[in-house]
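Per TrEMBL, these features apply:
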- B:Asp54, B:Thr100, B:Tyr154, B:Ser225: FMN binding site (BINDING)
- B:23-387: domain 'Luciferase-like' (DOMAIN)
There are 2 protein chains.
Amino acid sequence: MPMILAANANAQGSHVGEWRHPDAWDRPAANLANAVRLAQIAEGGGFDLLFLADGNGVRNMDKPDLFAATSPSDRPGIFEPVTLLAALAMATSRIGLVATTTTTYDEPFHVARRFASLDHISGGRAGWNLVTTSNPGDALNFSHEAHVPRDDRYERAFEFAAVVKGLWDSWADDAFPQDKASGRFLDPARVHALNHHGKHFQVAGPLNAPRPPQGQPVVFSAGQSETGRELSAAMADCVFAIEGTLPRAQALYADLKGRLAKHGRTPDSLKILSGVTIIAGETAEEARRMSDELDALVPDAVALDYLNKMTGLKFKLSMLDQPFPDLDTSEIGPTAIAQAIVARARGEGMTIRQASRAILPQMAGNLFVGSATEVADRMEEWYRGHGCDGFMIAAPVVPTGLERFIRLVVPELRRRGLVRTEYEGTTLRDHLGLPRPANRFFPA
Amino acid sequence: MPMILAANANAQGSHVGEWRHPDAWDRPAANLANAVRLAQIAEGGGFDLLFLADGNGVRNMDKPDLFAATSPSDRPGIFEPVTLLAALAMATSRIGLVATTTTTYDEPFHVARRFASLDHISGGRAGWNLVTTSNPGDALNFSHEAHVPRDDRYERAFEFAAVVKGLWDSWADDAFPQDKASGRFLDPARVHALNHHGKHFQVAGPLNAPRPPQGQPVVFSAGQSETGRELSAAMADCVFAIEGTLPRAQALYADLKGRLAKHGRTPDSLKILSGVTIIAGETAEEARRMSDELDALVPDAVALDYLNKMTGLKFKLSMLDQPFPDLDTSEIGPTAIAQAIVARARGEGMTIRQASRAILPQMAGNLFVGSATEVADRMEEWYRGHGCDGFMIAAPVVPTGLERFIRLVVPELRRRGLVRTEYEGTTLRDHLGLPRPANRFFPA
């Protein structure tokens, strides 16, 4: 099975500063033309899928400076992802289309229906990324007084996923003869009403859509807690995880694959994608210069907020040019990272501004910066070392970062036989090496 | 203002028998290619909008004969409408795109978001048809034990619509400067958090999408009860109603327009579309022959079910060839229609089958059958007579019925100056003569 390449696609980008870069597309908020071109670029590069993160709320409104210099992850001006992917399905023909939807603030019948629709519209290219919603503020948009506690969210997510999967199998593949001569539109013996009665949901079914072309659209999950991992092992076809080092990625990989047997699953049935930000250059030096350029575009308010978040401190914008203060250990956040940041800032005699800038590369999560060979080496190491089955790639800036990855790194990966040279199937399941499952209610 | 033409578009058709017609597209269930071609045909004919009805459940599963010979309105194999319209937006450029969504089993934040997305994707062509859901069975797909009572549904619908409209105005039109030089992505002074606290919903806002191109996507409503009419007068831009006679249509028209003043609205601000099934022929005879052909395609189980529904009787399929029985008035449903059907069947010595066939034309609602001139005459009479501002047209069979309407009737309507000869604007509001509203939170 070749290495999976997924494009972490937000037409506003993934790096906080990238939208400001001269190469970045102008006016990225809810810009359809950008989204279409990005999808076509990824498809042109042979990517297996396009992935859209999502949330149902706008963050940081209480911090005007930060809010004004908002980042795409704060999501003030985005499309609803399933609606967008339905449009992108019409502008592409092969690439998989994966959208994020919350199980905490939506209904399984709606979610099953929307992804079944997307799968029919795209000819079998739909994927559902199941999240329980991490941003507490989203609760306030759905008549909740506060965020649903984590355990309740996950309990609900398990049941939600089971209902969605059951609904997708409502109809046998041959349930709709649509025979004009006899007037038999459907076969009443080939439908299954779910009649689910659970703790969180009662859903009669059947779904009012034929079985999706893939049988079951591909289910993604990303939670890394114990419960999150159990949910992935029980319910997901694909996991998206961000780990900063290869040993941590290997540990997660072994843990997730090891959980599958007790669910009667083979290790191959769950694909693990490692999230990475890639800045590839013609040379290593060019790549590093691009990375610095990007960090320089992060507004002060954002960099300072990140420094405060990582250290547990409360610096203000007015203090940026003051020397980093001499602090008692007890005033600093308890993490080793916080202690290390402060020690370095003091040790090198940084100002607060300099300290906030020095840690920006960490903000990108797992960052691969380098020449095509260097980047391909890292990817190969993680892939062959059982750190992942492939990568969820963010490549700032939009679109030139992705174009550069495709021009420089993809040929190198192909040369090494790590990725396929062209699409071999038509559905997302085909691309990922996941067989089309039998209908649980109408086996064979 | 010209007469509005809306295509009541379901790629499976609107007449129960039409999918069986030789001219009808094969395999209509969840068929994207059909939906795309139908949208393009309607746009080619200059229609103002494409309208998708919807429901969240499959009916008649307890009646296998009826279920097998299902009709499109029983909705076993359809697309989720917003997802479909996002795809159709990419295959069209001018026609308005209106989808139905329930206020009883969904969340205002989700609905506001999806239609804002569709409006951005389509460049200002989105419309939301608000329904409270009439099919009681849908409740069982959303963890309800029974359908929500009508008064509660409408109370919720009023609040739901107010929240959706408020969310669409979350951002001023100039809220996203996206200025690369200053790093100012948005203007914190140009966003409004709704902070809605009502009986049914608490929604903080803001919506995580820029203001839609139309400011407010066009809101449709169809309820004809007293409460339904009040909802339309308070909240809708457009009403879809089916009335079987012109005097009834005129009464509704006068009533609805008369309710607007107390909401500070002008009569022009609410458009009324009359639902009609049109079968147009080269000659009146051809049209009538086509109508009979269609009725002949209605399966026995469906025709009998309709007879039972209209009369309150309980005939079985095995009784079809028996003479229509001599019944006591008390055994028949209390409506005048029921009494008239029975009197006619007995008077003309019909079998039960013949009686079930004789009433089929009523099933189409308001039916215009005839030559181009005859159909145009009826339409002109209704329009000039203040029975409606335009028509929601179902034209069996798909697609030849719509093509025939466009080829035969539209030129006649143009000749009479009743409809425009080409699109004059780009948004659905432009087509309907509805101005783009100011933002309620950021006036001018």
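Keep in mind that glycine also has a Cβ here, set from the backbone N, Cα and C atoms.
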Worksheet item: Which one, from the binding-site residues B:Asp54, B:Thr100, B:Ser225, has the smallest tally of other C-beta atoms lying within 10 Å of its C-beta?
Response: B:Ser225
Worksheet item: Near B:Tyr154 (FMN binding site), which residues of its chain come within a Cβ-Cβ distance under 8 Å, counting only those 6 or more away in sequence?
Response: B:Thr132, B:Gly223, B:Ser225, B:Thr227, B:Gly228, B:Leu231
Practice prompt. State the three-class DSSP label for B:Tyr154 (FMN binding site), counting H, G and I as helix, E and B as strand, and everything else as coil.
Written response: helix
Item to complete: In three-state terms from DSSP, label B:Asp54 (FMN binding site) for me.
Response: coil
Discussion item. If the FMN binders are B:Asp54, B:Thr100, B:Tyr154, B:Ser225 per the record, what's the largest distance between their Cα atoms, in Å?
Written reply: 20
Fill in: Averaged pLDDT, computed only over the residues in the domain 'Luciferase-like' (B:23-387)
94
